[in-house]
Amino acid sequence: MGSLFRSEEMALYQLFLQSEAAYACVSELGELGLVQFRDLNPDVNAFQRKFVNEVRRCDEMERKLRYLEKEIKKDNIPMQDTGESPEAPQPREMIDLEATFEKLENELREVNQNAEALKRNYLELTELKHILRKTQVFFDEQDGRLTTTTESMTRALVTDEVRTAHYLGPVQLGFMDKLNDREEYFPCFVAGVILREKLPAFERMLWRACRGNVFLRQAMIESHLEDPSSGDQVHKSVFIIFFQGDQLKIRVKKICEGFRATLYPCPEAPTDRREMAMGVMTRIEDLNTVLGQTEDHRRRVLVAAAKNLKNWFVKVRKIKAIYHTLNLFNLDVTQKCLIAECWVPALDIETIHLALRRGTERSGSSVPPILNRMQTYENPPTYNRTNKFTKAFQALIDAYGVATYREMNPAPYTIITFPFLFAVMFGDLGHGAVMALFGLWMIRKEKGLAAQKTDSEIWNIFFGGRYIIFLMGVFSMYTGLIYNDIFSKSLNIFGSHWQISYNKSTVISNKFLQLNPETADYTDTPYPFGMDPIWQVAGANKIIFQNAYKMKISIILGVIHMIFGVIMSYYNHTYFKNRLSLIYEFIPQMVFLLFLFFYMVLLMFIKWNRYSAKNYGRYSASCAPSILITFIDMVLFNTPKPVPEPCEVYMFGGQHFFQTIFVLVALACIPVMLLAKPLNIMKQRRQGNEEVQPIAAGSTSDVEVGMSNGQISQGVDHHEEEELSEIFIHQGIHTIEYVLGSVSHTASYLRLWALSLAHAQLAEVLWNMVLSNGLKKENWFGGIILTVVFAAWAVLTIGILVLMEGLSAFLHTLRLHWVEFQSKFYQGKGYAFQPFSFESIVENSSSSSQTEGE
């Protein structure tokens, strides 16, 4: 039971392991996950530790596995995951794993390089094929065989003057043989392929650099081409450039090189082009065959690797974790023994002994490990043992701060109080049922959903809190029954206990009718469970009645919740034997809270019990005093105003006397909380024989662990090193925070009333403004309208009332626990127990690798 309400008792042990058995023993402890090792080499560089070479080998194996994983995902090959975690391999198996990964990586890289080279050749042949096809049209135009063409914008490079001076037929581009004085033009052109998006800039550059003395023709390649380097689909265009002279030729080629255009040989003679095209087609067919065989071989290699990739990752990460842990150990002078220090839960010592024995047997060592308990003044880590149900609630507490060692753990109480306070704000039978069914579905399917391991952060939050969601839904259904509210309507199960005496026309025409309990409208017996259904149609009275009820309920629940928090501080003080805090903090705090705020709660119950809605003289509804005014007059020592006969000012005899005593005692508690503890500490120091005080939860003093009974020993007084001025200042801040916080925290619980009212009103607005419009329609057309309106109403209900309002109520409930409740006893200054566990290491490594992959 102690481990449920407090963190586990921890002990610091020294572990001696033989070098040959250290690996196997640490492996067994990693599977167990109950030991937190300390770093005994904090000043040693990570690259100078004993097992740094083994860690580097593991890093290299992980790199190779990530490369294989990347290639497998690229081909959309499913990776087999059996869900089982293989054991950490022996050190000698590392060589086999390294050889296997090296072989797979080299084979895959070789296949990829060959495939890339083949794809590059295939791309070049494909581009050459398109060039030979497209340029045939250009040459036919030049020979005059075509009269209609689709020329690019650079057709204007050949001006009208040039056409008039030199054009007697088709345009002839080339250069003239000047040496022999012959007017013979030798063709001068280049052909190639360029990315389509670069073509406009390419044309402009040619025009400017060549001063309009070139002629460019281009044609689009309709099909996509694959880039062999990146695997992306690209769009390209074929171009051919005609020019005159070697200088232009050099300039044109440099421009093509600058724009990353690929140039290909293109014969001028039609016969040569046809022969080249036939050869190109033959080579393309051969390449297709070879590429298909290469892809088949690559896929076979990846499919074989995908079957074992998950297990390989787990094995390598376990090996790496073991060597990382061994780097935390010290070597003795003989270099044959490793020495470790570790925190261990006191209840699990026998289990750890068995694990060490198994590791020794696996390694074949004849020397058993030695586990020796140490004496220390260091604060132990905090370890709260959880299961799949309590884990989510413990996570809510730890998000505020990890509990100080052996401090009272709020998580067990949060299991009840958290969903209940949420339900007070979210009370609706219909909305609660939706939430409960969603949580129940996740609980029923938790094995399959957990195996999916999705990367969606929102889904992981929902799934991790599935038990919280289910309980919040169930409690909301309960409070929905109390409020008699289901989608803003009531459940008239037992029949209303109010009898309406008005006729139908009067009810419809008048929105401000009153139900008078003094007449026969009320049967004088309350509704058996929850609110009477008549209040859902009470109009303006509904808000007035529910406001009064929910406001008082919020204060009652808040005061009880805070009193419970102060009671928890009592168990902290008694456990740590902190007598000063028990006498001068807990007692005045409890008295202050009871005599002021719990008394206000008692006044509410007295008012409910003594005053009736019917006219019973001085106990009639008109004579009932206001609790708020009464409380204010009590604190300010005001005399209540006179009231008419037969009413009385006070609710019971001697009320003024008791209220005066309560306020005076509560005020007297303030200087006690402020000065009593610091003055006692000062008195002890002056006398020179201070009474040894136990260490309080959350104090910064050292803790002695290792006693035979497992308890914390009486160490040095935790105020001994603190200055008196600091003690007075700290106590003053603590007192002011508690006194003012009692008022503000009580008012803070009114959020229970405010959010409950807002939730009910939003549900009513959605019903009246959306769904009721569909219900008013008749005939078959009304059925169609109702279907559409119901769909809209359902979407808005789930999206706004369940999700958004649910999130708002969740956050407000979280604040009430963190601030109003836990501030009374919980300091949360500890640090979490982080055992060496293969399960958590593999899980964290998998999630981080998935994030990097995205």
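Backbone N, Cα and C atoms are what each Cβ position is placed from, and that goes for glycine too.
The coiled coil annotation in TrEMBL covers 51-128.
Here the transmembrane segment (415-443) has Cβ contacts under 8 Å with residues 390, 393, 396, 449, 462-463, 466-483, 485-488, 491, 553-554, 557, 561, 751-752, 755-756, 759-760, 763, 797-798, 801-802, 805-806, 809-810, 812-814, 816-817, 821 of the same chain, all six or more residues outside its ends. As annotated by TrEMBL, transmembrane segment applies to 415-443 (among others).
Annotation source TrEMBL lists transmembrane segment at 463-483 (among others). Residues 388-389, 391-393, 395-396, 415, 418-420, 422-424, 426-440, 442-443, 446, 449-450, 491, 529-531, 546, 756, 760, 806, 810 of the same chain sit 6 or more residues outside the transmembrane segment (463-483) yet have a Cβ under 8 Å from a Cβ within it.
The transmembrane segment annotation in TrEMBL covers 553-571 (among others).
The transmembrane segment annotation in TrEMBL covers 586-606 (among others).
Here TrEMBL flags 618-637 (among others) as transmembrane segment. Within its own chain, the transmembrane segment (618-637) has Cβ neighbours under 8 Å at 552, 596, 600, 603-604, 607, 610-612, 643, 646-649, 651, 659-660, 662-663, counting only residues six or more beyond its boundaries.
Look at TrEMBL and you will find 657-676 (among others) tagged as transmembrane segment.
What TrEMBL records for 780-804 (among others) is transmembrane segment. Remote same-chain partners of the transmembrane segment (780-804), defined as residues 6 or more beyond its termini with a Cβ less than 8 Å from a stretch Cβ, comprise 428, 431, 434-435, 487, 759, 762-763, 766-767, 770-771, 773-774.
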*Intrachain residues whose Cβ lies under 8 Å of the transmembrane segment (553-571), provided they are six or more past its termini*: 408, 410, 413, 417, 421, 424, 582, 585-586, 589-590, 593-594, 597-598, 600-601, 604, 742, 745-746, 748-753, 816, 820-826
_Same-chain residue ranges lying at least 6 outside the transmembrane segment (586-606) that approach it to Cβ under 8 Å_ = 552, 555-556, 559-560, 562-563, 566-567, 569-570, 573, 627, 630-631, 635, 651-652, 659, 662-663, 665-666, 669-670, 672-673, 676, 738-739, 742, 746, 824
